Amino acid sequence: MVALQKFLRSFTREPDAQSGEEIRVILLSETPFVDVSTTALIPEDDAEKLARVAPEDSFKSQLPLLGRAYTVSPEALAGGGHRVIDLRGLNAAEVQAHQDRHAEEDESGPPAWLGIFFDLAWTTTFSNLTSNTQLTTISTLLSYTVFFILAWWLWAAQVTYDSKYFRNDWFHRAMLLVQLTIFGSLAAFTKDFNPFSARVNPKNSPMEDYVKDQYARKSMLGISGLFASTRVFLIISYARVLYYLPTRNATARAQRRRLILQVITYITSCLMFAMAYVVVKYDLEQSAIWARLFLWVSGVGVEVVSYLIVPNVDARLLANVDTMGERLSSLTSIILGEGLNSLAGTLVLSASAIGFDSKSGGVAASATVVITFAFLLYFDGFKRRTPSTRHRSKLNVALHFPLHLSIIVLLEAMKNGLIYSSIWGIITGFADRLSHPKHGETDEEAMFAAFRNVGVDFNQTMYDGLTAIRGANKTAPDDILDWNEIVNKAFAQLFLNVFERFDIASDDMKANFTGYIRAVGGAARTDNLTEDRFTPEPYLEASVHDVQASAIWILLSGAVFLGCLGVITLVNNWVPKHRYVWGSVLSRWTMAGTLALLSLLGTNRVNWQKLQDQAMLGAIVAIAFIVQFGVDHLVIGIASKRQKYWRRMGSQSSML
């Protein structure tokens, strides 16, 4: 009864002190800076020295909640809003510790869902590229790299702003809508992305390619225009930060100069992307390709150079704590997860087809091991400390670009390896079913069953062939049906079904095989598969070659991943405090060099083909990752024992 009374009273009860913490009015716009009227700041170089001498974790637990140095003004408590806290008398490390704790308690800072929201939006855009464009040839790798440079830096630039200046106000909520719209629109322009295509004027294209070339041109326009738009909104955002910059601080002039340089940088890159849009719009010659690429790369390059050399606004002035390191880790997890999802889709297609054998299963198992130990190598070991100083933090961000690109290329290449193994597994399974009739079956029934397993109705193929012959010659007798022609067309349909199943049939292959199947007589009537005479074979070999071409990247991208991990470990420790950090770094570089050297096996075509046929390339990378993980933890184990030894020796010497 008491519970019912409380429930009924809640309909008319006013909010009290206990429920007040659940209520927060969203402001139209809120400053990203703390009140620095009573804050004494020391130079940033001295702050970095103090941070090294007195690490943040060493004093966090020792600081009082309130005390001599932490004074809350009565006006702030009475009027609400931000607390004005006297930070005088604290060193740089203590000031940073207070701001870290304050940021965790402050609901107006970046919400936890912001990182997930933006990272998933970015992943959706890039996963559209990987699903709509097969990573096979050098050309597609270059296309991937161009798009990845644009999309990855778009993410990095926006997250750099969000982690520093985002406030949970209506201005930034509106910006979230803008970001989602831009990323959603960008995903629409990823189908068969090829910035190097020479067909810049669809009106000069063959009729059958007009729609595709028209879409490609719209993609170049859309990407240029969308990137120019993002820069406009970043200019507005940084100009707003400049407006809120406190003027009573002694370093206000230096902070203003830094923000102005940021605004100038984004104005410059915005103009470059806008010029790229104009080039695509009005220049219909092939020279426009390189002009557009130059403007794209220059726009990103200007921003990257500015990011690396222009100092940040003093972090002690900001209400937010820089979470870029955590965001990079989250994006790494999402990229690995997206790669796993892509491999899982291919595995489903492979497992549901006839001929799923131990080789295909081995490739899938190798990919699973690679993804698992990529997670462990990235998150374990000596890497975990996120750098706090401005130079190392920026270098850490820059190093994640090749790291993320190597992950994507590695997983896409392994997916192609799974496709290659699956295709030959299907063909081998078909041949085995064809040549080994089951008990009581005739050879003809075994053949019909073998074709049925790959989605080809042989009876329907025979009927369609006879209908086509009679359509061409209505007086032709039934016995004019050529058995060799029907068999060749059935095999052509088999290959077409298999390649379309894994979405690797090129437009040329589809057109050639379709014409081969529909033609009455022609090459299908005279071809002989037993004598290796099959007219569409060049198109078949070209598609298989495209899938095999990416095999070399399995070893190379694995090497780049391990090499980047070694450099990141070194950057995050900067000058290593002990030799065991060097042991981890050098072992990762050694393993990276080993994988790079193993890629030289590709110079011997026979041995390289054997490695692909035996599905060993992914296994080599998986073994390398497992061994490296073992070496890392062996080094950590030895370091731990030595640390305990020196602690024991230190305690014994103190007793003496």
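Cβ coordinates are placed from backbone N, Cα and C, and glycine is handled just like the others.
Taken verbatim from TrEMBL:
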- 141-158: transmembrane segment (TRANSMEM)
- 170-189: transmembrane segment (TRANSMEM)
- 220-239: transmembrane segment (TRANSMEM)
- 259-277: transmembrane segment (TRANSMEM)
- 289-310: transmembrane segment (TRANSMEM)
- 331-356: transmembrane segment (TRANSMEM)
- 362-382: transmembrane segment (TRANSMEM)
- 403-427: transmembrane segment (TRANSMEM)
- 551-573: transmembrane segment (TRANSMEM)
- 585-603: transmembrane segment (TRANSMEM)
- 615-639: transmembrane segment (TRANSMEM)
Stretch with greatest number of CB pairs under 8 Å, the transmembrane segment (220-239) reference, 141-158, 403-427, 551-573, 585-603, 615-639 candidates: 141-158
Positions whose Cβ lies under 8 angstroms from the transmembrane segment (615-639), at least six residues beyond its ends: 359-360, 362-363, 366-367, 369-370, 373-374, 376-377, 380-382, 410, 414, 417, 421, 551, 554-555, 558, 562, 578, 580, 583-584, 587-588, 591, 594-595, 598
For the transmembrane segment (289-310), sequence-distant contacts whose Cβ falls under 8 Å of one of its Cβ atoms, 6 or more beyond its ends: 146, 149-150, 153, 157, 160, 195-198, 200, 220, 224, 227, 231, 258, 261-262, 265-266, 268-270, 272-273, 275-276, 279-280, 283, 394-395, 397-398
Distal contacts, the transmembrane segment (403-427) - CB-CB under 8 A, six or more residues away: 126, 130, 134-136, 141, 144-145, 148, 152, 331-332, 335-336, 339-340, 342-343, 346-347, 349-350, 353-357, 359-360, 362-364, 366-367, 370-371, 374, 454, 498-499, 502, 504, 544, 547-548, 550-551, 553-554, 557-558, 560-561, 564-565, 568, 612-613, 615, 617-618, 621
Remote residues contacting the transmembrane segment (141-158) - C-beta distance under 8 A, at least 6 residues beyond either end: 118-119, 122, 125-126, 129, 133, 135, 179, 186, 190, 193-196, 223, 227, 230, 234, 293, 296-297, 300, 303-304, 307, 331, 397, 401, 404-405, 408-409, 412, 550, 553
